[in-house]
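Right, one structure below, let's go through it.
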């Protein structure tokens, strides 16, 4: 799955650690999701979408 | 909140290499030390030295794990509790193992007392298994949890494979007998290898 997490984070000038703290996950999780090593669960995808005030489809898309 | 835009801490690769090296070295040193202890007939002094070596390796393992966790931003409360539990279990194991062997050799334990000594020696190792289970249960970060589960499955698969092959080799008298308690060090070796193999893979 592709995602725009890195771009959205950069637009807000957030580090991975900043985003991790906002999502209450590890920085390693944010890195793994951004780089496509890990696809988040649906609850976490919703939390990410809520944080950026977007829909899941606006952040995540099929390969 | 930090303003840093660095994606990966500089200490990450070095801390990961250090942890992997210690995880792999841990069972090798302990098994090698045990073989040397038996082969060289070092006696009780050698056994005490072996225990000191094991404690040093335990401290090195925990410190390496904590350093890596901090460097990678994954020093979760569950992981810290796991490290503390493993440290306590390891120290108890070494102390009880020494006492049990000493009692067996010098006090000539028999009957229920001998059973109690054997079970008491195994108890801290069961504590380690319990700590691993609690880590999977208590880790709230889904990515870290998936990594832990994956590493545990790899370690378990490796243990089953090695145990099966070794068992038949032993059956046909091609290799020496290995005590059943070796399963935990072999499992730990599998965890270390999986940490190296799957570090950059898609979870």
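The backbone N, Cα and C atoms fix where each Cβ goes, and this holds for glycine too.
Features as listed in TrEMBL:
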| type | residues | note |
| --- | --- | --- |
| TRANSMEM | B:21-41 | transmembrane segment |
| TRANSMEM | B:47-65 | transmembrane segment |
| TRANSMEM | B:86-107 | transmembrane segment |
| TRANSMEM | B:113-136 | transmembrane segment |
| TRANSMEM | B:148-168 | transmembrane segment |
| TRANSMEM | B:180-198 | transmembrane segment |
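Taking Cβ pairs closer than 8 Å, the transmembrane segment (B:86-107) reaches residues 44, 47-48, 51, 54-55, 58-59, 62, 114, 117-118, 120-121, 123-125, 127-128, 131 in its own chain, all 6 or more past its ends.
In this chain, the transmembrane segment (B:148-168) touches the transmembrane segment (B:113-136); three or more CB pairs sit within less than 8 A of each other, excluding pairs fewer than 6 residues apart. Contact count against the transmembrane segment (B:180-198) (Cβ pairs under 8 Å) is highest for B:148-168, out of B:21-41, B:47-65, B:148-168.
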